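If you scroll down you'll find the structure; I have some questions about it.
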Amino acid sequence: MSNPFAFRSAQVTFWTTVVYLALLVPLVVINEGVPPVQPDGSLFLDRGLNLTEAWLDLGHITERFHHQNSRENDVVRDYLRLRIEQIIAANDAEARTTVFNDLTSNVTYLAWGSAVPTHYQGNNLYVYIRGKDDDQGEWWHNARAGKLIGKGGVLVNAHFDSVSTAYGATDDGMGTVTVLQMIRYFTKPGNQPQRGIVALLNNAEEPGLLGAAAFGKSPLLPFIHTFLNLEGAGAGSRCVLFRSTDREVTSAFSNVQSPFGSVVGSDGFKMGLVRSGTDYSVWHDIYGQRGLDLAFYRPRALYHTNQDDTKHTSRESLWQMMAASTTTLINLSADTGSDYIGDRPDGDRSKAPNGSPSDGVWFDLFGSTFVLFGLRGMFAWSLTVLIVGPLTLFGMMYLVHKQGKGYAFHTKLRATSDSSSEDGDDEDGEVIRLGGWKGFFRFPFALIVAGALVTGAALLLRKMNPFIIYSSEYAVWAMMISLFYFGFWLIMRGSSYTRPSALHRLYVHIWLFILGWVALVFATVLEDRMRIASGYIFVFWESQVFLATLVAVCELFSLPRKIDFARGAAEEAEVRDHLEAVPHSDAVIAPSLEEATSPQRAGQSSNSPQEDDEDDVPDEETPLFRKAGRGNKLDTSFLRRGYRRSVSAIMDSNNEAEDGPKRKQPFEGEQAWSGPMVTSTWILQFLLLGPFMVILGGQVGLLLTSAVNQTGVDGSSLLAPYLMIAALSAILLMPLSPFIHRVTKHVPLFLLAVAFATLIYSLVAFPFSPRAPYKTFFRQTVDLDTGDTQVHLAGVEQYLRKIIADVPSALGQEIACDASSSRRDLVDCTYDAAQVPPIPTYGSGKKSFDLPPGVSPGPAYYGKLLTVTVVNTTAKIATQGSKTARLKIDAVDTRVVELRFSKEGPPIRSFRVVGADSWDDRFGAFPDDGARVLRLWRRDWESSFVVDITWKVDGGNTRGLEGRAVALWSDANDAVNTMPAFREVVRYAPAWATVSKAAPGLVEGSKAFKV
């Protein structure tokens, strides 16, 4: 019966194909799907969570756009406040909770990510749920800066505002209703946390993490040591552990129902590869808290668009976030040890005294198991593999050499009847070819060829159809994997066919070990110097390659000693030479070993043995020598050696060969000495190399692809995603490389057809669709002095012009497209919007802004929307070399105003809103070179901004300030009347396109001012 694990073509093809399919298919299914509501989820449902209630809440808060600068935002806030009160009352938890309706906090600071000096007036909602170990009463009134309050609390946070162009179901409606459910769960009798929990619903995250900055003024801030931030950067799908500060807090997430995530995402933020941010950045970077970012992350094409609604998410997605949040908060609040208490390693007393964290490494397996361990442990592991691995393999190779079985890296030796010489000093010895180097350089050559194929494909797609990955990422994956597989197989199989080598597997393993060792060196340096843990893939890989290579080296022990093989080879050569030189020598010369082990004895025919025997008997007419010809010359070297064997010895040898076990023959032309070599160990090597690496590489590859495949429209690199998939395809197929030369042609030829089909598709298919729409960024500007208005669409010019071509008000216009000032590698296309002017006050009930039917707004209307009054100026030239002016700014139906100062004038050195708190240094000092933009946010809709600004004045230069005041309008709920240009673009854009905001304000109205 044939060995099912033999190193033969059929078996290798079958097992490698089955294993890859059995792993890759589930990985894709898990990446695309969302876990169902687990039956054991009823434990949470019975104890406090209510999925139906959460889904209804989500529908209520996402009925309309609710940007912070919209009236609907107030409606959502009022609804959330009511729901909090209802939940607390239903659980009879008034005595265990305190609701904070923040209408007083304000912060003046350097806004995160923009370096723009900003004033913001907060209106967050948050609930303190008292823990069993917390102090009684309203202890926060007596809290002092730097004082440890109890054992530290836990923050769970989500923002309830949306962007101006989205309903915010995923960003961040599901996080918001999850916070409501956390309040419901932990206020239910029997669920009181051990340490207190602060449930925060913050406002104005979208314009720049403003709500998190305002929370810095909360009396509860010193109490919070850890946090769970809930976010959404897609539209439904799975929620992923976006990032985490350390191993200890990550352990609180490790036993959730359906864990999903990798430390690779966290390292992407740490290295600055991800340019966007969440409230996590404020909690950790500014306040020093330790925690996690749990977020939805795909599909990004629907992010910040009107398709971020309940239609494009699911109850399963919501349940996954609710269940994961509950488990994580239970674990964080139940930790009463010293993990989150103690002095900080950086000694910063302005931040939470939450102990010394340790870096971690984490990843999930098939979305069901979570692996977590320390980075320092992995560093020690990495060093061990780097040092012990090569030493062990060198030691084993030395033992093989000492055993006389070192065929690898030896091409020949000279053999005599009693000795073998590898140095060739015995000139009388016969040269025995070993073929030791045969096949050594196949792997790097095949890797270069296959790598060139996928790199060329990446460059071709970048040039011909750069956005195809936007909607067809799996076609790109299929093309890259198929191309690399076929290219690599073609070289390896072709080389093996023309020059078979029994050392092929060993040499490929050696190359894999060398490449893995180099990669591990870089990964280890990153672990030690930058605390980057993403190299865990290479740590596992090199460990697996080391073991597989060790097996390959051990296989050499099954070979005969080189000296024995050389003697046998020399004897067979001598016998063969003598048979050709001496007449009828087969009657007196022993047969070769091959002849002895065959069913037909030398000189005996299977058809007529008696007749053959008679023909072989010499008589007086038999010539002494055969006729001259090839092989009939007497081998004088053979005679010189004087080698003779008796007839009895010949017969004994024949009998032994016939009665004993058959000698294993080399595989299809491989080296003659390789017959006894153990080869069935290949399946062990493949299992060491393949499955775990495919799981790790596949999961990371799919996660990264989902994260970056739709970022090109934002101005990110168009080539990087293709090169990433090309590299990951090579990594995924590396476990197959030692065995691919035994794969039959059927799989590679099928994959060649797949590669050809997907390449053609990727080159000619239109890259966008209603399910993966192209995203353009809208902004309308109005000169409030003249009434001139323009629409600016940011994006890729090729597609912008197609979109604008269908916009009625832009027909017949010459469209100007220039490099975007705010988005890298994109353009701003501009057209006149006089036919669709904005009317921000439409429906506001303000009679002074009513327009007669059919009358378009002009300078008289726009001039009343924003006023800037210089209250006074004060010169301090003699003492400080500066001037100060007080400005009063009024804007209609907006909460936000910007002051943009001319570049020709002096920059602003400081500013302060009258009645507000002073500058908050936690976010950074006021820019040393001054500022030319100030941004002001108010809590209500009517109050005036009164601002003191200071600028430097040179000795003889007393020039004043010039600039433009800009009012931002963001409420698109009645866009057909208030923002008809925006409504027009949304309505007439092709089905394959969608519209998002380009800035916090959809409409920017500016007016000149001078001080």
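Note that Cβ sites are derived from N, Cα and C of the backbone, with glycine treated the same way.
OK, Swiss-Prot features for this one:
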- 1-9: topological domain 'Cytoplasmic' (TOPO_DOM)
- 10-30: transmembrane segment (TRANSMEM)
- 31-378: topological domain 'Vacuolar' (TOPO_DOM)
- N50: N-linked glycosylation site (CARBOHYD)
- N106: N-linked glycosylation site (CARBOHYD)
- D171, E206, H304: Zn(2+) 2 binding site (BINDING)
- N331: N-linked glycosylation site (CARBOHYD)
- 379-399: transmembrane segment (TRANSMEM)
- 400-439: topological domain 'Cytoplasmic' (TOPO_DOM)
- 440-460: transmembrane segment (TRANSMEM)
- 461-471: topological domain 'Vacuolar' (TOPO_DOM)
- 472-492: transmembrane segment (TRANSMEM)
- 493-505: topological domain 'Cytoplasmic' (TOPO_DOM)
- 506-526: transmembrane segment (TRANSMEM)
- 527-536: topological domain 'Vacuolar' (TOPO_DOM)
- 537-557: transmembrane segment (TRANSMEM)
- 558-682: topological domain 'Cytoplasmic' (TOPO_DOM)
- 595-609: compositional bias 'Polar residues' (COMPBIAS)
- 595-627: region 'Disordered' (REGION)
- 610-622: compositional bias 'Acidic residues' (COMPBIAS)
- 650-671: region 'Disordered' (REGION)
- 683-703: transmembrane segment (TRANSMEM)
- 704-719: topological domain 'Vacuolar' (TOPO_DOM)
- N709: N-linked glycosylation site (CARBOHYD)
- 720-740: transmembrane segment (TRANSMEM)
- 741-747: topological domain 'Cytoplasmic' (TOPO_DOM)
- 748-768: transmembrane segment (TRANSMEM)
- 769-1011: topological domain 'Vacuolar' (TOPO_DOM)
- N872: N-linked glycosylation site (CARBOHYD)
Sequence-remote contacts (6 or more beyond its ends) of the transmembrane segment (379-399), Cβ cut-off under 8 Å?
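Same-chain contacts beyond the ends: 406, 408, 513, 517, 520-521, 523-524, 527-528, 535, 539, 542-543, 546, 549-550, 553-554.
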Could you count the residues of the topological domain 'Cytoplasmic' (741-747) that DSSP puts in helix, in strand and in coil?
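Reading the DSSP string over the topological domain 'Cytoplasmic' (741-747) gives 4 helix, 0 strand, 3 coil.
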Could you tell me what the rest of the chain brings near the topological domain 'Vacuolar' (527-536), counting residues at least six beyond its ends with Cβ under 8 Å?
262-264, 266-267, 270-271, 359-361, 363, 375, 378-379, 382, 519-520, 696
If you count Cβ atoms within 10 Å of the Cβ of H304 (Zn(2+) 2 binding site), leaving out that atom itself, what do you get?
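Around the Cβ of H304 (Zn(2+) 2 binding site), 23 other Cβ atoms lie within 10 Å.
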State the Cα to Cα distance, in Å, between N331 (N-linked glycosylation site) and E206 (Zn(2+) 2 binding site), rounded to an integer.
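N331 (N-linked glycosylation site) to E206 (Zn(2+) 2 binding site), Cα-Cα distance: 29 Å.
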Select the closest residue to H304 (Zn(2+) 2 binding site) from the following glycosylation sites, measuring between CA atoms: N50, N106, N709, N872.
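Checking each of N50, N106, N709, N872 against H304 (Zn(2+) 2 binding site), the shortest Cα distance is to N709.
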Rank aside, I only need the closest one: which of the recorded positions D171, E206, N709 has its C-alpha nearest to that of N50 (N-linked glycosylation site)?
D171
For the transmembrane segment (683-703), name the stretch out of 440-460, 472-492, 506-526, 537-557, 748-768 with the most CB-CB pairs under 8 Å.
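Looking only at 440-460, 472-492, 506-526, 537-557, 748-768, the most contacts with the transmembrane segment (683-703) come from 537-557.
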What is the nearest of the recorded positions D171, E206, N709, N872 to N106 (N-linked glycosylation site), using the Cα of each?
E206
Please work out which recorded stretch in 472-492, 506-526, 537-557, 720-740 has the most C-beta pairs separated by under 8 angstroms from the transmembrane segment (748-768)?
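Most Cβ pairs under 8 Å with the transmembrane segment (748-768) come from 472-492.
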Per DSSP, what is the helix/strand/coil residue tally across the topological domain 'Cytoplasmic' (1-9)?
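In the topological domain 'Cytoplasmic' (1-9), the DSSP-based counts are 1 helix, 0 strand, 8 coil.
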Excluding D171, E206, H304 themselves, which residues in that chain have a Cβ inside 8 Å of the centre of the Cβ atoms defining the Zn(2+) 2 site?
S162, V163, A166, G168, D172, G232, Y303, D308
